[in-house]
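Quick one: the structure is below, and I'll ask about it shortly.
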Amino acid sequence: MAAPLKRLLLAEPHVVALGHRVGRREASLGPDPGAPVRVRFAPSPTGFLHLGGLRTALYNYIFAKKHQGSFILRLEDTDQSRLVPGAAESIEDMLEWAGIPPDESPRRGGPAGPYCQSQRLALYAQATEALLRSGAAYPCFCLPQRLELLKKEALRSRQTPRYDNRCRNLSQAQVAQKLAVDPKPAIRFRLEEAVPAFQDLVYGWTQHEVASVEGDPVILKSDGFPTYHLACVVDDHHMSISHVLRGSEWLVSTSKHLLLYQALGWQPPRFAHLPLLLNRDGSKLSKRQGDIFLEHFAATGFLPEALLDIITNCGSGFAENQMGRTLPELITQFDLTRITCHSALLDLEKLPEFNRLHLRRLVSSETQRPQLVEKLQGLVKEAFGSELQNKDVLDPAYMERILLLRQGHISRLQDLVSPVYSYLWTRPAVHRSELGASSENVDVIAKRLLGLLERPGLSLTQDVLNRELKKLSEGLEGAKHSSVMKLLRMALSGQLQGPPVAEMMVSLGPKEVRERIQKVLSS
């Protein structure tokens, strides 16, 4: 333990104000209305970013951008034993992938850094010293074994476990005696009865008399690392956070945080607690559900725009729910006062439809389409590799034609490399015996189709082909139009089902259609 802190533990506390004490009414008003909006997303890198975290980050981001403010990423990495390798980097990667990058962060830096709590220990020590000096905090020498016994006894009696404040009123002599044995005690904060009420921007006027239901909380552990309660207050103050938008699970802790603000003489920010994001059946999103992590969605072809759309569509904060909103539209339409206290129920079965809408919008965009072409090229190479007999299928113009023809029919780019679309990239091995028609009819139909392809001045659009293909069965005994289309679909794709034959032909182009028909005839 640092020498100044040890001296404070041995000194008689002086109950003095560290600044002006924040009154009950002041605590509800928060920062100066003219102050710049600064919000933060403060995840713990003990895991990777999931949909619940994305929603909290998104609400902070769009609130900041709507008010020309700053969005800050702060990593709460004080629980060193639970850190997951790579999680810190992945969290920031996923925010950038989602299109909501922070203005200040561990990676980007900024005027209020550092942005990892493990690098801000001196600030927490300073705040702890101030609280010890004023008598608002005290050392706790209770062993983990004793605390565990308290917990077990409470549970046995069907009571909520709480610390019994045993070390709260130790004399100076007792503190000195215990410091000789345990020079690194934990530091606890004295909970007071008079908790300031505060006006939550979602839940309204709120007050929790925490001292009546909780023991004094640890704010600084014996290893010098703070707990969440101290760290978030100190960081929000020093980072000039104007509004705290966080999950509703922290609502009951806010009174505790206001007591800390009051003891330190600091002005608290405004608070807005967001209702939980739940599964469609009302159950909690579980981190054990592997498919709720953003990396899963990114790897399986879902667009960030679709995720942002669905997690706002199922909740509140907007005048109406509608599918297909873009991020600029979310920023424009967002209204914090419209967030209700009701949990948001997320139906992930609808995500493919959301993705379909946003993929269609991107395909229709002249500026966005080249990026989709590049991604599709990578998917085709990965899926088919050496099976690609014709490298022309990787040509950007061909890829673009496929995207434009299939827009609205596919939910993800990955759909285009599924077995049903394999004919776009590889030539099927089809024998004429598989076509389900007499050999004579096959020859006639093939000859007519090849003649159609050679007809001068004929523009082979889908509309023209749909009209001309109806004529292929004319005069053929027992040959219906539907059976002819089935034959051609098999010849071109090796499949019984798929897109309309006219679209297949436009997709493949006259040269490839001719080669496939001739290949079947010669088999």
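Cβ coordinates come from backbone N, Cα and C, glycine included.
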From GLU76, GLU193, GLU209, grab the residue that Swiss-Prot records in the same L-glutamate site as ARG40, PHE41, ALA42, TYR228, HIS229, LEU230, ALA231, CYS232, ARG246.
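The candidate from GLU76, GLU193, GLU209 that Swiss-Prot ties to L-glutamate along with ARG40, PHE41, ALA42, TYR228, HIS229, LEU230, ALA231, CYS232, ARG246 is GLU76.
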May I ask you to name which of LYS178, LYS256, LYS447 Swiss-Prot has annotated as N6-succinyllysine?
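Record says LYS256.
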Of the ranges 45-53, 234-242, 405-413, 459-467, which one does Swiss-Prot flag as motif ''HIGH' region'?
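Comparing 45-53, 234-242, 405-413, 459-467 with Swiss-Prot, motif ''HIGH' region' matches 45-53.
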Do you know which of 89-93, 284-288, 374-378, 389-393 Swiss-Prot annotates as motif ''KMSKS' region'?
284-288
For each of ARG40, LYS284, LYS486, count the other CB atoms within 10 A of its CB; which of these recorded positions has the top count?
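The residue with the most neighbouring Cβ atoms within 10 Å is ARG40.
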Test of understanding: give the count of other CB atoms lying within 10 angstroms of the CB of HIS50 (ATP binding site).
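Cβ-Cβ neighbours of HIS50 (ATP binding site) within 10 Å number 23.
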Select the closest residue to LEU285 (ATP binding site) from the following recorded positions, measuring between CA atoms: ALA42, CYS232, LYS256, LYS486.
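Going through ALA42, CYS232, LYS256, LYS486 one by one, the closest to LEU285 (ATP binding site) is ALA42.
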Of the recorded positions HIS50, LYS256, LYS284, which one has its Cα closest to the Cα of TYR228 (L-glutamate binding site)?
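For TYR228 (L-glutamate binding site), the spatially nearest of the recorded positions is LYS256.
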Find the shortest Cα-Cα separation between LEU230 (L-glutamate binding site) and the recorded positions HIS50, GLU249, LYS256, LYS284, LYS486, and name the residue that gives it.
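Checked the recorded positions HIS50, GLU249, LYS256, LYS284, LYS486; minimum Cα distance to LEU230 (L-glutamate binding site) goes to LYS256.
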Out of LEU230, CYS232, SER286, give me whichever of these binding-site residues has the highest number of other Cβ atoms within 10 Å.
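When each Cβ's neighbours within 10 Å are tallied, LEU230 tops the list.
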How does the motif ''HIGH' region' (45-53) divide up by DSSP, counting helix, then strand, then coil residues?
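Once the DSSP states are binned, the motif ''HIGH' region' (45-53) shows 3 helix, 1 strand, 5 coil.
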